[in-house]
Amino acid sequence: MPLTAPTVPVDHGKDAAPPTRQSTRFLYLYALAAAGGAVAYVPFLTILLPVRVSSLTGEDAVSVLAYTAFAGATAASLANIAFGWLSDLTGDRRPWIVAGLVLSCLLLLSVSTATSVPVLIGVIVLWQICLNMMLAPLAAWAGDLVPDSQKGLLGGLLSFAPALGALSGALVTLPAMASPDERLGLVAAMVIGLVLPALLFGAPRPMPQLMARREPAEADESKAATGGTAVARMWLARLLVQIAEAMLFAYLLLWFRSIEPGYSDNDTATLLFIVLGVGVPLALLTGRWSDKADRPIAPLAAGAGIAAVGLLVMALAPSLTLAIAGYVVFGLASTVFLALHSSQTLRVLTKPQTRGRDLGLFNLTNTVPSLIMPWFALALVPAFGFAALFLLLSGLALLACILLLSIARRT
């Protein structure tokens, strides 16, 4: 069966040309659904799961969390590719999104019933599989329905996802808001409330032109590269920036405390939220500019380059003030980069018949850094300090910038 865009039927007339722009309503509701995906895992993996593991294992919590994270990341990587591919084969993304939404929420609620470490790890693996049953087709759905001329706007809207993920974690952990088990229910309710509207009320305009395979010469800035060169460069550039992002996510507080021992976890959380919050309008403005200027790759190259500068400032910072300033530069640049990269990736994937599978392969750039990151830290920080680590990360971000410039300059 040929792959067709999963949309409600719309009669454009026998000879009418297909629409060239997607409805604003669908774009906004889709952005909420993508934010629902972030809400599904950010508060759980960063707060609720560590609390649950600590209550089960006590002093062994760190090692158990490490095993759980490894098993979950492996399951998520494979499931994202598999369900993206399955949604390609069936030709309709929405049933997979609904099934993944229901099953992942049920498994999230079942975490409170896990009374041993093996059972808990098993539940987490199943939850990751079902969550990616939702996330993989959801990501591919945008490729089916959002034209290149609106992908910058889409990327800007996607920047709401990490900010809402962080905000949801703060909300469910408010004192006296809910018990640990009730927090899982609150997260599930928020996810359902964010994802369902796009499925029920999005009413996207069908875009049959997006379901026809494009030759590389039709893919705007990606026309510079022959074959899969642009795809490979986009993949590697995101991986390099994500390694830096994951490293800072894990070690930011420890680094700040190495400079100023009294720096608190609340100070770090506040800084993270401010950076994410400011990054949202910045990503929206940058995305709109890239659409109007028809320069989709240029903001990505600039974001990676600015992130490299921020990391260099962090490596050389002699005081907490400069350290925070360097992180703000890096954080804003990486927020814009990652949001816009998520949408512009759809531009260089020219095979709609395998769009879900190919996006699953791109999703490895989100999970592989968790496996690479500890080795960088162990090799550099004990012997040379955080400065050496940040110099390396700055070099990786600069390499990402060069890779993207090699695409953008050939338009």
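Here the Cβ of each residue, glycine as well, is placed from N, Cα and C on the backbone.
Bear in mind that TrEMBL entries carry predicted annotations, made automatically and left uncurated.
The feature domain 'Major facilitator superfamily (MFS) profile' is assigned by TrEMBL to 24-411.
Taken from TrEMBL, the feature transmembrane segment covers 27-49 (among others).
Under the heading transmembrane segment, TrEMBL lists 61-83 (among others).
What TrEMBL records for 95-113 (among others) is transmembrane segment. Distant neighbours of the transmembrane segment (95-113): 40, 44, 48-49, 52, 83, 86-87, 120, 123-124, 126-127, 130-138, 141, 180-181, 184-185, 187-188, 191-192, 195-196, 199; these residues of the same chain sit at least 6 beyond its ends, with a Cβ under 8 Å from one of its Cβ atoms.
Within the same chain, residues 6, 30, 33-34, 37, 40-41, 49, 52-53, 56, 67-68, 71-73, 75-76, 79-84, 87-88, 93-94, 96-97, 99-101, 103-104, 107-108, 110-111, 195, 342, 355-356, 359-360, 363 sit at least 6 positions outside the transmembrane segment (119-141) and bring their C-beta atoms closer than 8 Å to a C-beta of that stretch. The feature transmembrane segment is assigned by TrEMBL to 119-141 (among others).
The transmembrane segment annotation in TrEMBL covers 153-178 (among others). Listed by sequence, the residues of this chain that lie at least six past the ends of the transmembrane segment (153-178) yet keep a Cβ under 8 A from its Cβ atoms are 27-28, 30-32, 34-35, 37-39, 41-43, 46-48, 142, 146, 185-187, 190, 194, 269, 272-273, 276-277, 279-280, 282-288, 290-291, 335-336, 339-344.
As annotated by TrEMBL, transmembrane segment applies to 184-203 (among others).
Residues or ranges marked as transmembrane segment by TrEMBL: 235-256 (among others). Outside the transmembrane segment (235-256) by six or more residues, the chain places 263, 265, 267-268, 272, 300, 303-304, 307, 311, 314, 320, 323-324, 327, 330-331, 334, 337-338, 341, 345, 361-362, 364-366, 368-370, 372-373, 376-377, 381, 386, 389, 393, 396-397, 399-401, 403-404 with a CB less than 8 A from a CB of the stretch.
Within the chain, the transmembrane segment (268-285) has long-range Cβ neighbours (under 8 A, six or more residues past its boundaries) at 153, 155-160, 162-163, 166-167, 170, 252-253, 256, 324, 327-328, 331-332, 335-336, 339-340. What TrEMBL lists as transmembrane segment is 268-285 (among others).
The annotation transmembrane segment is assigned in TrEMBL to 297-316 (among others).
Among the features that TrEMBL reports, transmembrane segment is placed at 322-340 (among others).
Long-range contacts of the transmembrane segment (361-381) within the same chain, counting only residues at least 6 positions beyond its ends with a Cβ under 8 Å from a Cβ of the stretch, are 69-70, 73-74, 76-77, 80-81, 136, 139, 234-235, 238-239, 242-243, 245-247, 250-251, 345, 388-389, 392. TrEMBL lists 361-381 (among others) with the feature transmembrane segment.
Within the same chain, residues 221-222, 224-225, 230, 233-234, 236-238, 240-241, 243-244, 247, 251, 295, 297-298, 300-302, 304-305, 307-309, 311-312, 314-316, 376-377, 380-381 sit at least 6 positions outside the transmembrane segment (387-408) and bring their C-beta atoms closer than 8 Å to a C-beta of that stretch. According to TrEMBL, the feature transmembrane segment maps to 387-408 (among others).
The transmembrane segment (61-83) shares more Cβ pairs under 8 Å with 27-49 than with any other stretch in the list 27-49, 297-316, 322-340. In the predicted model, the domain 'Major facilitator superfamily (MFS) profile' (24-411) shows an average pLDDT of 88.
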